[in-house]
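Notes for the one structure printed next.
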Amino acid sequence: MTPHTIRLYGATTASSKIGTGFFFLINTWLIIDITGHASSAALSLIMTVLPGLLLSPAIGLMIDRGDPARLAYRADLFRWAMLLAYAGLYAGGHATAASAYAISFLVALGNEVQVLSWRAALARNASADDMLRLNALTVVTGQTGQVLGAAASGIVLASIGAAATVCVAGATYLLAGVFGWLTARRLAAAGHAVTFSQGEGKPKHYWRDLRAGGAHIVERPEIGFFYGLFVANMSVVFGMNAMLAPFVREELHLSAAAFGKIDAGYALGAIVGGFFVVRLANRFGRRTVLLLGLGIAAACLLAFSACRGQLAAFAIYAGLGASFQSSVIALSTAQRATDSAYQGRVSASFNAINGLAGLVVYVIVAASAGHHLYRQLYLAQASALALLIPVVLLAQPAASHRPASDTGAFGFHARIVVAGVVQLTRTSCHFRCAFPASFCPLHSP
């Protein structure tokens with residue numbers, strides 16, 4: 001990918017996330033206004049989780065059978081059209097609770113397609129060494145866009161009204177679609193050819209191709225291991241963000257303004273972390289940075305569970321935002337371990353697991369309401385991340401190497417257990433990993 005193509009991709013991500021920041025804040029206000037019940041906002045939140053949970057396999061298959069970059073910009077254009085329709089319904093007084101929930105679902109569906117499609121497009125067109133940089137760029141531009149959108153939405157809402165604000169959010173998706181179209185054109189002109197599944201539209205071919213994606217994950221345990229690390233990180237992020245508002249209100253006894261500032265601390269930390277994660281990985285090694293990120297995140301969650309003031313909460317949340325960006329190392333490694341023909345299906349499979357984890361987290365947080373268990377839940381999350389550190393440490397470098405005729409130079413054995421993916425039945429818990437040294441953040445710089 002050329003520098004100009006990368007800049008266009010960054011503009012696409014930033015524009016799209018500005019729209020996301022705009023929409024989800026204004027949508028909460030609109031749904032409460034339409035229904036008259038504050039609890040309806042929670043149902044809207046659940047609607048945003050369902051597309052990833054229910055439709056990820058179909059999305060992944062669609063990505064592998066088509067041009068992912070084209071699907072990505074079309075997803076942004078789809079969201080633009082949905083928001084125009086939403087604004088028209090609301091302005092005309094025809095918006096109902098059902099239509100509001102449907103729009104929430106469809107916009108979230110567009111987000112799932114866009115995110116998964118760009119992941120596959122980058123993996124197909126970028127070199128292995130560029131994947132970490134591009135994933136870090138996604139974090140920086142995405143977080144920046146989302147902060148700008150969320151910050152501007154309240155001002156725009158007060159200035160021009162709800163329907164016009166929805167149109168502004170839609171315009172950012174239109175802009176993202178234009179940037180995405182330009183990016184897709186440049187990727188197509190580069191002529192990166194990839195062999196991938198070409199089904200004939202019959203149900204048996206869909207099931208066959210879905211099974212092939214699952215078989216690919218089983219054949220390469222490193223995919224499950226590193227995607228598992230990524231999903232574990234994202235599940236913790238789901239939980240801590242879902243608990244933040246009630247924690248600030250019930251435990252810290254602070255205002256909504258304080259909540260906004262603390263939440264902004266995470267975004268600030270994420271932007272800084274995204275800027276420096278590649279440099280740190282190149283300087284100290286990916287394994288070191290991955291372990292350091294897990295350790296800092298666990299320590300920050302432990303400190304947050306005992307936090308008493310706004311300033312400390314802001315600083316700790318900024319530390320969490322920075323430390324969680326080490327997860328792009330796990331994501332990049334998993335993408336490099338996945339064959340280009342299976343990028344969509346593999347990423348979508350773990351996206352469904354991520355959606356399920358998010359739904360479980362929301363249920364746990366909702367069940368904890370009023371019981372003052374948030375400090376204990378933050379402590380439990382810190383413990384969970386701390387337990388991941390020895391799991392990563394168990395991947396040990398070894399002196400032996402496979403022949404050069406294999407898919408790559410194999411630099412280490414790993415003693416890992418990937419729940420649900422690999423079951424070791426041998427007397428020894430050692431097995432020779434099926435991935436090249438260049439795939440492993442524990443081995444490559």
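In case you wondered, yes, glycine gets a Cβ from its N, Cα and C as well.
What TrEMBL says about this one:
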TRANSMEM  12-32  transmembrane segment
TRANSMEM  38-63  transmembrane segment
TRANSMEM  83-109  transmembrane segment
TRANSMEM  155-182  transmembrane segment
DOMAIN    221-445  domain 'Major facilitator superfamily (MFS) profile'
TRANSMEM  225-244  transmembrane segment
TRANSMEM  264-281  transmembrane segment
TRANSMEM  288-306  transmembrane segment
TRANSMEM  312-334  transmembrane segment
TRANSMEM  346-365  transmembrane segment
TRANSMEM  377-395  transmembrane segment
Stretch contact, the transmembrane segment (346-365) with the transmembrane segment (38-63), Cβ-Cβ under 8 Å, 3+ pairs: yes
Stretch of maximal Cβ-Cβ contact with the transmembrane segment (288-306) [cut-off: under 8 Å; candidates 12-32, 155-182, 264-281, 312-334]: 312-334
Local confidence of the domain 'Major facilitator superfamily (MFS) profile' (221-445) - pLDDT mean: 77
Criterion met for the transmembrane segment (377-395) and the transmembrane segment (225-244) (at least three Cβ pairs under 8 Å): yes
When counting Cβ pairs under 8 Å to the transmembrane segment (12-32), the leader among 83-109, 225-244, 264-281, 312-334: 83-109
Paired segments the transmembrane segment (225-244) and the transmembrane segment (312-334) in contact, 3+ CB pairs under 8 A: yes
Stretch with greatest number of CB pairs under 8 Å, the transmembrane segment (312-334) reference, 83-109, 155-182, 264-281 candidates: 264-281
